[in-house]
Amino acid sequence: MYRIGQGFDVHQFAEGRPLIIGGINIPYEKGLLGHSDADVLLHAIADACLGAIGEGDIGKHFPDTDEAYKDVDSALLLQHVWKLVRQHGYTLVNVDCTIIAQKPKMAPHIPNMQKRIAELLEGDISQVNVKATTTEKLGFTGREEGIAAQAVVLLQKNNE
Ligand SMILES: Nc1ccn([C@@H]2O[C@H](COP(=O)(O)O)[C@@H](O)[C@H]2O)c(=O)n1
Ligand SMILES: C[C@@]1(CO)OP(=O)(O)OP(=O)(O)OC[C@H]1O
């Protein structure tokens, strides 16, 4: 039995914040604003996982009104979501993601992101693909106001 899920998230840039994407700290002049560490990619992946098992979204599981999640490491949120996926009896087939950012250049960081995401989803790096694109200077990402991320995840229930 297979289940597919998709996730999409956006966070705006802010001065004085670290830029954390895919669980990796990216040296840059500004970071992303959020109640959590604003890891836009891990949020999209968490939403894709929750979608695949019919469990809503990260806002439902980790409300941004709860002080417990203030500046939380989004890797912890994804680990919690992944535990739910395993409780539903699923394992990872593959996850494919796109980071939509005019800047900074993501390519040098993608191998580390893929490694980290594979660890968090208890998979192999071959099951994780991360891509990046600009929007050719168009829209809010093109104006460098923020970063968006999309993810699609395919899960399989063992032996079904
Ligand atoms: N923030 C980004 C955006 C893009 N890349 C890489 O550059 C390639 C070309 O981007 P286009 O938007 O012009 O298609 C893209 O395929 C990525 O490999 C990146 O590293 N970081
Ligand atoms: C992750 C949570 C919780 O800290 O906060 P944010 O960092 O604001 O992220 P968002 O993508 O708006 O999703 C859900 C939130 O509840």
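Glycine residues also receive a Cβ, built from the backbone N, Cα and C atoms like all the rest.
Under the heading domain '2-C-methyl-D-erythritol 2,4-cyclodiphosphate synthase', TrEMBL lists 3-155. Taken from TrEMBL, the feature 4-CDP-2-C-methyl-D-erythritol 2-phosphate binding site applies to 9-11, 35-36, 57-59, 62-66, 101-107, 133-136, Phe140, Arg143. The divalent metal cation binding site annotation in TrEMBL covers Asp9, His11, His43. Feature annotation from TrEMBL assigns site 'Transition state stabilizer' to His35, Thr134.
Feature annotations (TrEMBL) mapped to structure.
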residue	record	CB count, 10 Å
His11	divalent metal cation binding site	22
His35	site 'Transition state stabilizer'	16
Ser36	4-CDP-2-C-methyl-D-erythritol 2-phosphate binding site	21
His43	divalent metal cation binding site	27
Phe62	4-CDP-2-C-methyl-D-erythritol 2-phosphate binding site	20
Asp66	4-CDP-2-C-methyl-D-erythritol 2-phosphate binding site	10
Pro104	4-CDP-2-C-methyl-D-erythritol 2-phosphate binding site	18
Thr133	4-CDP-2-C-methyl-D-erythritol 2-phosphate binding site	14
Thr134	site 'Transition state stabilizer'	15
Phe140	4-CDP-2-C-methyl-D-erythritol 2-phosphate binding site	16
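Apart from the site residues Asp9, His11, His43, the chain places the Cβ of Val10, Leu32, Gly34, Ala38, Asp39, Val40, Leu41, Leu42, Ala44, Ala148, Ala149 no farther than 8 Å from the centroid of the site's Cβ atoms, the recorded divalent metal cation location.
Only His43, Phe62, in sequence order, out of the binding-site residues His43, Phe62, Asp66 have a CB under 6 Å from ligand 2. Residues Thr133, Thr134, taken from the recorded positions Asp9, His35, Asp66, Thr133, Thr134, Phe140, are distinguished by a CB atom under 6 angstroms from ligand 1.
Pro104 (4-CDP-2-C-methyl-D-erythritol 2-phosphate binding site) and His43 (divalent metal cation binding site) have their C-alpha atoms 19 Å apart, to the nearest angstrom.
Across the structure, Thr134 (site 'Transition state stabilizer') and His11 (divalent metal cation binding site) are spaced 15 Å apart at their Cα atoms.
Among the binding-site residues listed here, namely Ser36, Asp66, Thr133, Ser36 has its C-alpha nearest to that of His43 (divalent metal cation binding site). Taking the domain '2-C-methyl-D-erythritol 2,4-cyclodiphosphate synthase' (3-155) as a whole, pLDDT averages 98 in the prediction. Cα separation, Asp66 (4-CDP-2-C-methyl-D-erythritol 2-phosphate binding site) to His35 (site 'Transition state stabilizer'), rounded: 9 Å. Its Cβ placed at the centre, Asp9 (4-CDP-2-C-methyl-D-erythritol 2-phosphate binding site) has 24 other Cβ atoms within 10 Å.
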